[in-house]
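Engineer: Checked Swiss-Prot, it gives:
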- Cys152, Cys155, His173, Cys176: Zn(2+) 2 binding site (BINDING)
- 239-271: compositional bias 'Polar residues' (COMPBIAS)
- 275-285: compositional bias 'Basic and acidic residues' (COMPBIAS)
- 286-301: compositional bias 'Low complexity' (COMPBIAS)
- 349-609: domain 'Protein kinase' (DOMAIN)
- Thr268: phosphothreonine (MOD_RES)
- Thr269: phosphothreonine (MOD_RES)
- Tyr340: phosphotyrosine (MOD_RES)
- Tyr341: phosphotyrosine (MOD_RES)
- Thr491: phosphothreonine (MOD_RES)
Amino acid sequence: MEHIQGAWKTISNGFGLKDAVFDGSSCISPTIVQQFGYQRRASDDGKLTDSSKTSNTIRVFLPNKQRTVVNVRNGMSLHDCLMKALKVRGLQPECCAVFRLLQEHKGKKARLDWNTDAASLIGEELQVDFLDHVPLTTHNFARKTFLKLAFCDICQKFLLNGFRCQTCGYKFHEHCSTKVPTMCVDWSNIRQLLLFPNSTASDSGVPAPPSFTMRRMRESVSRMPASSQHRYSTPHAFTFNTSSPSSEGSLSQRQRSTSTPNVHMVSTTLPVDSRMIEDAIRSHSESASPSALSSSPNNLSPTGWSQPKTPVPAQRERAPGSGTQEKNKIRPRGQRDSSYYWEIEASEVMLSTRIGSGSFGTVYKGKWHGDVAVKILKVVDPTPEQLQAFRNEVAVLRKTRHVNILLFMGYMTKDNLAIVTQWCEGSSLYKHLHVQETKFQMFQLIDIARQTAQGMDYLHAKNIIHRDMKSNNIFLHEGLTVKIGDFGLATVKSRWSGSQQVEQPTGSVLWMAPEVIRMQDNNPFSFQSDVYSYGIVLYELMTGELPYSHINNRDQIIFMVGRGYASPDLSRLYKNCPKAMKRLVADCVKKVKEERPLFPQILSSIELLQHSLPKINRSASEPSLHRAAHTEDINACTLTTSPRLPVF
């Protein structure tokens, strides 16, 4: 009751409505104002009376031209009295210093410790200022539509349309604007201030305040709101960012705000425990040698996720055993290569049946979330250059999505290099034509040729050269749907000499272009070499047999085709093969690669051919019994055929 009467007297004696009486459990709403130091008005002098001392209150001038009055209880420190008033304004005692205004000396003030007994200051005027070495700026708000998943840093609710500070990254709804902290702080500098108070004080010329102690830091962490312990975004509690200075010693000007929610971290990690942060700080304070300081940034993050992007050379020296600990940690999402998510552990794939082997590897049927095809490549002990080149090509292959392309599902690098693709129940085109001798009709053969050209046109649009185009790598999936496989992978289909990649003739001899056989260029593979191989596939479709079947010597075929002495015999094409298809086969297997058409032209030619094929139109007089509205409308006698009438 005495506190209430004292507060009322204080207000009635001239403090006005702008002053607030603060209790330890009271709370007021902060407002967004321009940031500049508070200046006392001349009218404020002399307003204090002896009633302030009798009411156990202290008048405090705060930054950003704000002021308040707090009640003092016995046993409370200055930190305890002002903590609530600072917190609701988005301020931290660790960022501020408190001074006692000297009444006998106008304009002078004496610095106080945050641990000072507040009872000894009853009736005094205090002033809270920002520390000189705490970088402060005004907010730079801009309206923003958040297309990616985002949450308000005030109410923690979903945020679509709102505002965002361009400097510190603080984002909020429009109706939450009154609760935004008034100061805009580079929190990476605050981390330096907390962890290296001695160096910071020496640089700025201001002695470090005694409140910067481990006990104060632990108290600040322990007072973290319960809601913020489950989220990584809170403007009222410090999060220790591990962004380190660059080699020039200057901090980045656009550090990511600690108030921005890390949604992917929330879904994959446990809530932040304050004890983890305390242990990290304690381990840092105990390490006094430079080598210990160089390895400490990896341990400062409570989740172990943040890593410096440009580490200084001293940070590369790691303590023994740190490598094994880092292997057990989850790699940070921001630092991961995108191909990381496509790498499959060998223990997750179960190999069953061996399907066959080729010049570049062996294919197995396996189980990995269903049936898959696993091609183990014939690369023994890959060098780091080969492994990196393999990953680079996998990064291209994983972006392929087409109805006529085998779906790439992942890759493996442990023990052996392997590619995992979708499993096709159907057989290859080679098996259909030359083993099972399936009899396709002409329109089916033309449709297979069209789908193959369509898939190759897609690969070339992605700048992927197949290098091994043949009927063995064309699969008929679920009927007559064409799937092209074993494309790309120049790393595997080339010969390596040390760290240098050397091109060599690859693929089966019958489908190799003359310039590939000759190997006169450093890289003879091109879009036209794929067109030649496609022309041989067209020859297989339109003849049902392989080219050069009259030559049994492989070396002779290589010599004659490479020299230009031999070419596929076009007289063996089917008699009912359209003339446009015959011309297309002849154009694709031309000896000069510049004279061969590219796949956009090939695809348009086949599509025109399909439209020009004669079709049997449906007879207008043919009865459509299934279209009848009611079965009783159809006379039953019309459904029975008289034996005297001929049946057509």
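The backbone N, Cα and C atoms fix where each Cβ goes, glycine too.
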Engineer: With an 8 Å cut-off on Cβ distance to the Cys152, Cys155, His173, Cys176 Cβ center, who else from the chain surrounds the Zn(2+) 2 site?
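Structural biologist: Leaving out the recorded residues gives Asp153, Ile154, Gln156, Lys157, Leu159, Gly162, Phe172, His175, Lys179.
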Engineer: Among the binding-site residues listed here (Cys152, Cys155, Cys176), identify the one with the smallest other-Cβ count within 10 Å.
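Structural biologist: Looking at the binding-site residues Cys152, Cys155, Cys176, the Cβ with the fewest others within 10 Å is that of Cys155.
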Engineer: Indicate whether Cys152 (Zn(2+) 2 binding site) is helix, strand or coil by DSSP.
Structural biologist: coil
Engineer: Tally every other Cβ atom lying within 10 Å of the Cβ atom of His173 (Zn(2+) 2 binding site).
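Structural biologist: 18, counting other Cβ atoms within 10 Å of His173 (Zn(2+) 2 binding site).
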